[in-house]
Amino acid sequence: MPSNHKLAADLLAKAKKLNQEDPLASFKSEFLLPQNVIYVDGNSLGPLSKAAKNRAVEVVEQQWGNSLISSWNVHDWINLPTTVGNKIAKLIGAAPNTVICCDSISVNLFKLLSAALLLSAKQAADDKTDARTLILSQKDNFPTDLYMVQGLGQLLNSGTQTKLELMSVDSKDITRSIEEHGHRIAVLMLTHVNFRNGDIHDLQALTELAHAKGILVLWDLAHSAGVLPLALEECEVDFAVGCTYKYLNGGPGAPGFAYVAERLLPDLQQPLSGWLGHKKPFDFEHDYEKAAGIEQLLCGTPSIISMSVLDAALDMFETISVSDLRAKSIALNDFFQSCVEQINASYSPSDSPLVLACNEQAQMRGSQISYKHPHAYAICQALISEGVISDFRSPDILRIGFSPLFLHFTDMLNAALILTSIVRTKRYTQPQFLIKNKVT
Ligand SMILES: *Cc1c(COP(=O)(O)O)cnc(C)c1O
C-alpha cells in the first residue's frame, strides 16, 4: 500500500537523522556483531567487543601461556577483583574501594544479606530492642533474589526461634509495608529496574524512607549498571549487587559485583570466609581474620580469564558518561515504540495485537520495552529466525532491550518492521517456533 511505503520512507529518514545526531553511534564498530543481526538482547547477554576478544587471546596465550603462575604478580591478577571493582564503582556512583568484582549475584546476595542481618542484630542488642527478622522485597523480584532469602531462612531458622522471614509484597505496597512493619524489618532488598516490565524504583526515596526506620538497604542493579545513572554513595545506600554480563558486556558468566558503603566495612562480617577474604592470605594462618577493606567479600580464587575479559570490556565506558548512555537508551526505546505504533496504525487492527506490558513512557522504564501476547514465545522464536534477537519471559512477555552502545536508530526501525509483520501475518504460528528451548 502506498501509504505504508510513505510511512516506511518517512521513518527511515527520521532514523537516519537520529543516527547522524547520535554522539555514541561510532561505538557500534567496537563490537563484533554478526552480519544481518539486530541484537536487542544486550540486557541479557551483552555482545563481544573487539577489546574483550583481544584480551581473551592475550590472557590465555600471553599471560597464562607464557607467564604462568607469575602472572598473579606480573599481570596483577591478584588485584583484578578490586581493579575491576573500581571501574564499576565509577558507573554506579560508588566511592573508590567500595566495590569488588567476584562470584555471581546469587552468591553475593547470600554474603551481603547475612552480613546485613548480623549488623541489624548487633544494632538491636545495642538498642535493647527485639531483633528484626524480616527481609522486605517485592513479589515479582527476580526469582534468585527471593530464593536466596528462602535458602538463608532455612539455614537460620533450623533452631526453635524464627530468625528470618521473607516478606514479599506488591510493588505498590512497599512504602506502606515499611511504614507499618518498619521496626520488624532488618533489610529492604529490591531490584532497581524490574526485569519483566522495566519499572524503576525511586532508589533515593526508598533508601531514605527505610533508613528512617532503621532498615538496611540492599539494591540489585542487574538491569541498571552501565545504563542508568546511579549515585550509591550520595544516596547513602548500604549494599548493592549486580552482574556484568548484561549491559556491561563482560561475557557469559562473567563475575558479578558487590558494593558495601565505606562506613559499614569495619564492622562487617560475612559467612563465606574464604582465604582470599583473609587479611593476609599468603600467611596461611589457622584462624580467619578478615581483610579491612572491600576485599573481605572475596571468598575463593577468582575466575581470572573471565574477569580479564570483563576488565577489557569496561574500558569502553571510561570515555562515556552514564547520562549519555541513558539519553540514548531512552531515545532508542521511544523511537522503537513509536515505529511499532505508527506501522500498526497504518494497517487495519490485528485480531491478536501486541499489548504494551510496561509503562507507556520510555523515560519511565529501564532500557527495555515489554509486550504481552499469548504467543509471545513463538513470536520471539520467529523474530530470532528473521535476525532480530530478543527474549521471552514466562508466561507471556516479549522483551526487547536497548543497549545504547551498539544499536542504531535504523536497527530500531528494521526491528519494528519485522516484529509488526510477524504479528500481523501470524508467521509465528509455524510449528518450529513452538519448540521450547531450555533457555528462553
Ligand atoms: C540477571 C539477574 C540476576 C542473575 O543472578 P546471577 O546469580 O548472576 O545468575 C539476578 N538478579 C536480577 C535482578 C537479574 O536481572
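In case you wondered, yes, glycine gets a Cβ from its N, Cα and C as well.
Sequence annotations record features per position, and here TrEMBL assigns pyridoxal 5'-phosphate binding site to Ile105, Ser106, Phe142, Pro143, Thr144, Asp145, Thr191, Asp220, His223, Tyr245, Trp275, Thr301. The N6-(pyridoxal phosphate)lysine annotation in TrEMBL covers Lys246.
Only Ile105, Phe142, Thr144, Thr191, in sequence order, out of the binding-site residues Ile105, Phe142, Thr144, Thr191, Trp275 have a CB under 6 Å from ligand 1. Other C-beta atoms found within 10 angstroms of the C-beta of Trp275 (pyridoxal 5'-phosphate binding site) number 15, with every protein chain shown included.
Taking the binding-site residues Thr144, Thr191 in turn and counting surrounding C-beta atoms within 10 angstroms, the largest count is reached at Thr191. Taking the Cα atom of each, His223 (pyridoxal 5'-phosphate binding site) and Lys246 (N6-(pyridoxal phosphate)lysine) are about 7 angstrom apart.
Neighbour counts of Cβ atoms within 10 Å were taken for the recorded positions Ile105, Phe142, His223, Lys246; the minimum is at Phe142. Rounded to a whole number, the distance between the Cα atoms of Lys246 (N6-(pyridoxal phosphate)lysine) and Thr191 (pyridoxal 5'-phosphate binding site) is 15 Å. Counting only the Cα atoms, the space from Thr144 (pyridoxal 5'-phosphate binding site) to the residue listed as 'N6-(pyridoxal phosphate)lysine' is about 16 angstrom. For the pair formed by Lys246 (N6-(pyridoxal phosphate)lysine) and Ile105 (pyridoxal 5'-phosphate binding site), distance between Cα atoms is given as 12 Å, rounded to the nearest Å. The pyridoxal 5'-phosphate site in the record is lined by Ile105, Ser106, Phe142, Pro143, Thr144, Asp145, Thr191, Asp220, His223, Tyr245, Trp275, Thr301, and its two most distant CA atoms lie 31 Å apart.
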